[in-house]
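Colleague: So TrEMBL has the following annotated:
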BINDING   F78, A79, V80, Y83, D168, V169, D170  UDP-N-acetyl-alpha-D-galactosamine binding site
BINDING   D168, D170  Mn(2+) binding site
ACT_SITE  E260  active site, nucleophile
Amino acid sequence: MTFSDKFRHLLQLDHIHRSALSQKLLQYNTWVVVFYSRTDVATVTPWLAPIVWEGTFEPTLIDTIYKQQNLTIATTVFAVGKYVRFLRDFLQTAEKHYFLGFRVHYYIFTDQPEAIPAVTLAPNRTLTPIKIPGSSRWQEITLRRMERLQEIIKNRLIFEADYIFSLDVDSKFHGHWGAESLGQLVGALHPGFYKANRQYFPYERRPQSQAYIPAGEGDYYYGGAVIGGHLEDVYRLAKTCKDQLDIDASKSIEAAWQEESHLNKYFLYNKPTKVLSPEYLWQDVQFFKPQEVKIIRFTQVIKNNAAVRPNP
Ligand SMILES: CC(=O)N[C@H]1[C@@H](OP(=O)(O)OP(=O)(O)OC[C@H]2O[C@@H](n3ccc(=O)[nH]c3=O)[C@H](O)[C@@H]2O)O[C@H](CO)[C@H](O)[C@@H]1O
Ligand SMILES: [Mn+2]
């Protein structure tokens, strides 16, 4: 193909994409787009990453744009021991709200593949069970996710997906979660601390830990239940956190909130390019819904820790 052939080909492609898009893009009023904003919450970080709140974006528009790219969203979920009981609700509600119309590939890490419920998935959506050993400590299960995550991205997902989300299984979807959440590196504001002064963030405060964040530092407190982004970026995050967790383990120190503490340390020095508001990480225990939260999209269900965890 000569240069001019290639150029003509690109122009044709561009034309096809534009005409396919234009119909859908015209489906809403332009004034809505021009005035889309919120004044009651911060919608951008000091490093100009969007903070995704309801009312700051047009879901159909964003989904339409990203659908042109024919993306696959890998979604990794751990369900070890008694946590397999959360899978049915997680999957059933994900099929109602999560990346509808996109190719989604769930990877379920579990010690009991036979206990994965048969949930009907929409076309273009698949589920792969991955057998891993159980553990007698819940802390070990949650922090080992980083190791598994970097392994599976390197060995498998780079061939199978474009973006990844790692999500807690003790959760349910209640509202739209689509392409507005995509970005190079994505974190979610923990619902318990998004209005707190950073001196109250439960960062790891012991200098002996690799997750240590000194007083007077820190942007936000991110929840460990939602991590997302491009495969390469999440690989770097998972690999770094795994290495830091190993160093801590060799000194017999476990950070205050296990991998969540290391995640917060990582995000302090590697800023997310997009931040999800607590709409994307709510907790049913917080039954009071403040005014700024217009919609709850994904929430941690109430669980009896003593009944589901292998240890206190
Ligand atoms: C809302 C939020 O940000 N939650 C974080 C928080 O507590 P959580 O109370 O949400 O932690 P959790 O008990 O839900 O454990 C995190 C996840 O590990 C998996 N799991 C855990 C135990 C088990 O026996 N089997 C099993 O499969 C499962 O996918 C679960 O969703 O702190 C944890 C680390 O301490 C994680 O960072 C969680 O993401
Ligand atoms: Mn959880």
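Note that Cβ sites are derived from N, Cα and C of the backbone, with glycine treated the same way.
What TrEMBL says about a protein is an automatic prediction, not a curated fact.
Worth saying up front: this structure is predicted, and the values here are computed from it rather than measured.
Locate each feature and note its surroundings.
Modeller: Classification of D170 (UDP-N-acetyl-alpha-D-galactosamine binding site) by DSSP places it in coil, neither helical nor stranded. Counting only residues at least six positions away in the same chain, the Cβ atoms of Y83, F86, Q300, V301, K303, V308 sit under 8 Å from the Cβ of D170 (UDP-N-acetyl-alpha-D-galactosamine binding site).
E260 (active site, nucleophile) carries a helical DSSP state (H, G or I). For E260 (active site, nucleophile), the count of additional Cβ atoms within 10 Å of its Cβ stands at 24 [all protein chains shown].
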Colleague: Under 8 Å Cβ-Cβ from D168 (UDP-N-acetyl-alpha-D-galactosamine binding site), six or more apart in the same chain: what's there?
Modeller: V77, G224, A225, V226, Q300
Colleague: Provide the number of Cβ atoms within 10 Å of the Cβ of V80 (UDP-N-acetyl-alpha-D-galactosamine binding site), excluding the reference atom itself.
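Modeller: Step by step: centre on the Cβ of V80 (UDP-N-acetyl-alpha-D-galactosamine binding site), count other Cβ atoms within 10 Å, giving 22.
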Colleague: List the Cα distance (Å, whole number) between F78 (UDP-N-acetyl-alpha-D-galactosamine binding site) and E260 (active site, nucleophile).
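Modeller: About 15 Å separates the two Cα atoms.
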Colleague: When you look at F78, A79, V80, Y83, D168, V169, D170, which the record names as binding UDP-N-acetyl-alpha-D-galactosamine, what is the longest CA to CA distance in angstrom?
Modeller: 11
Colleague: Excluding F78, A79, V80, Y83, D168, V169, D170 themselves, which residues in that chain have a Cβ inside 8 Å of the centre of the Cβ atoms defining the UDP-N-acetyl-alpha-D-galactosamine site?
Modeller: V77, V84, F86, L87, I141
Colleague: So for V169 (UDP-N-acetyl-alpha-D-galactosamine binding site), how many other CB atoms are inside 10 Å of its CB?
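Modeller: A count of 21.
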Colleague: Round to a whole number and give the Cα-to-Cα distance in Å for the pair V80 (UDP-N-acetyl-alpha-D-galactosamine binding site) and E260 (active site, nucleophile).
Modeller: 18
